[in-house]
Amino acid sequence: RFIACPQLARTVQRCLQAGASPGPQPVLLECAPGPGILTRTLLNAGVRVVALESNSAFLPNLQSLENSLDGQLKVIYGDFFRLDPLVTGTVKPPAMRSDKLFETMGVAAVPWRADVPVKIFGILPQKKERNTLWRLLFALYECSSIYRYGRAELNIFISEKEYQVLTAKPGEARAYQALSVLWQVGCEIQLLHTEPWSSFVTNLRNGGLAVPKSTWLPNDHLCLVRLTPQQNLFTGGLKPTNSATFIFMVKQCLAKPKSRLTDRLNSWSLDSGGKLLRELEIPKNAEARKLYPEDYRRLFEALQNSNMFTETWFHDEVLESIRKIN
């Protein structure tokens, strides 16, 4: 959460409003507003805010602020990072279903290629940061959860080390991973702001900062990153119905980054792998870590056209991969 730092709140407010298009603005969903420092800054700027707070201790002050305004602020008890839990039956608050949240917010679903229907601001929980990025990624590609309503825009603080992974380029040792490829294919990624860890409530019991350690990548800041889903994500052969197969393919290829792509294709019993790579103008001896994100998309669409992914064994492995991540 934010420390009582109005200057940081104003900086975030400027970042969230930067590049806004003319006309009515989408609703801003603020996750875990706490004492409401950023909330007040946004309200003073004329932004319509929905505050989603999971800590009941902060609710009275936020609700008092809500009651003093004329519909500009709506306070909801809930946890954004516990949306749509994989359970059946009733969901116990602060966990909640996305359909209930969007109904309460008054946000209706729009076509994928329409404008952004809602902007979401929050700080990823550090203990579950990588897992949360994967869950959001699956929701994005399957158009489920928040993405059933259109191209929801995420404005989230993530650790510097995870930002380095999301934006890594081919060949960058350790940083270039399946997450890099999948987020870069799925979203436009913008770095809006970097902030030292000391600006956030991350204290340990001994008074030190609870900063996640990183051996190979820098991790001195939290990075405010904008993730805007690509309008053309589902043009061509990639669709929500086969996106899990695309995710699995990328994960398998980059499980051993130094391996040759032809070896991976051969492991899938694809005899014409070399010919396929030539048609795509990808070198026969190319390593998995040397392919650009768009190359992986082209490879997937070519494999779809070859009917290679109709094999039952492949679908079984896809389902097992999804189960482990969830």
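Each position is counted from 1, following the chain as shown.
Using the three backbone atoms N, Cα and C, a Cβ is placed for every residue, glycine included.
Please treat TrEMBL annotations as automatic predictions, because they have not gone through curation.
Here Glu53 (S-adenosyl-L-methionine binding site) comes close to Ala32, Pro33, Gly34, Leu59, Leu62, Val75, Ile76, Tyr77, Gly78: these same-chain residues lie at least six apart in sequence, with C-beta atoms under 8 angstroms from its C-beta. The annotation S-adenosyl-L-methionine binding site is assigned in TrEMBL to Ile3, Glu53, Asp79.
When pLDDT values are averaged over the domain 'Ribosomal RNA adenine methylase transferase N-terminal' (11-208), the model yields 90. What TrEMBL records for 11-208 is domain 'Ribosomal RNA adenine methylase transferase N-terminal'.
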Mind giving me a neighbour count for Asp79 (S-adenosyl-L-methionine binding site)? Other Cβ atoms within 10 Å of its Cβ, every protein chain shown.
18
